[in-house]
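Here the structure comes first, spelled out in structure tokens, and everything after it is commentary.
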């Protein structure tokens with residue numbers, strides 16, 4: 001639950017606020033985030049990772065949750081946070097929609113709560 005709460009906080013912070021200069025878009029290299037509907041990202045991300053290699057270390061911690069398919073939106077939601085959509089003609093980041101976040105939470109929160117109970 002703490003993990004999901006943290007993700008919800010980050011998504012609210014990534015507001016898509018325009019930057020002063022155009023972003024330098026780069027192809028997505030994180031394996032889990034390829035073929036998710038967009039191909040380019042920019043760094044730093046909302047977590048202030050300077051490289052995709054750095055972001056990828058955290059993204060792959062979610063792989064077990066993605067693998068159990070608790071939500072069809074989870075992978076896109078996680079990737080949109082760690083490798084946000086980049087468009088050359090827009091000077092800002094594009095966060096995932098609130099509805100994507102909510103669907104990911106609705107599907108995965110029960111699984112995460114059960115997992116937490118097993119640990120404690």
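Using the three backbone atoms N, Cα and C, a Cβ is placed for every residue, glycine included.
Annotated in TrEMBL:
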- 1-16: signal peptide (SIGNAL)
- 20-112: domain 'FZ' (DOMAIN)
- 25-86: disulfide bond (DISULFID)
- 33-79: disulfide bond (DISULFID)
- 70-108: disulfide bond (DISULFID)
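Feature annotations (TrEMBL) mapped to structure.
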residue : record         : CB count, 10 Å
25      : disulfide bond : 15
33      : disulfide bond : 23
70      : disulfide bond : 18
79      : disulfide bond : 25
86      : disulfide bond : 22
108     : disulfide bond : 24
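Counted with DSSP, the domain 'FZ' (20-112) comes out as 43 helix, 6 strand, 44 coil.
Residue 79 (disulfide bond) sits 15 Å from residue 25 (disulfide bond), taking the C-alpha atoms as the reference points. Cα spacing between residue 86 (disulfide bond) and residue 108 (disulfide bond): 27 Å, rounded to the nearest whole number.
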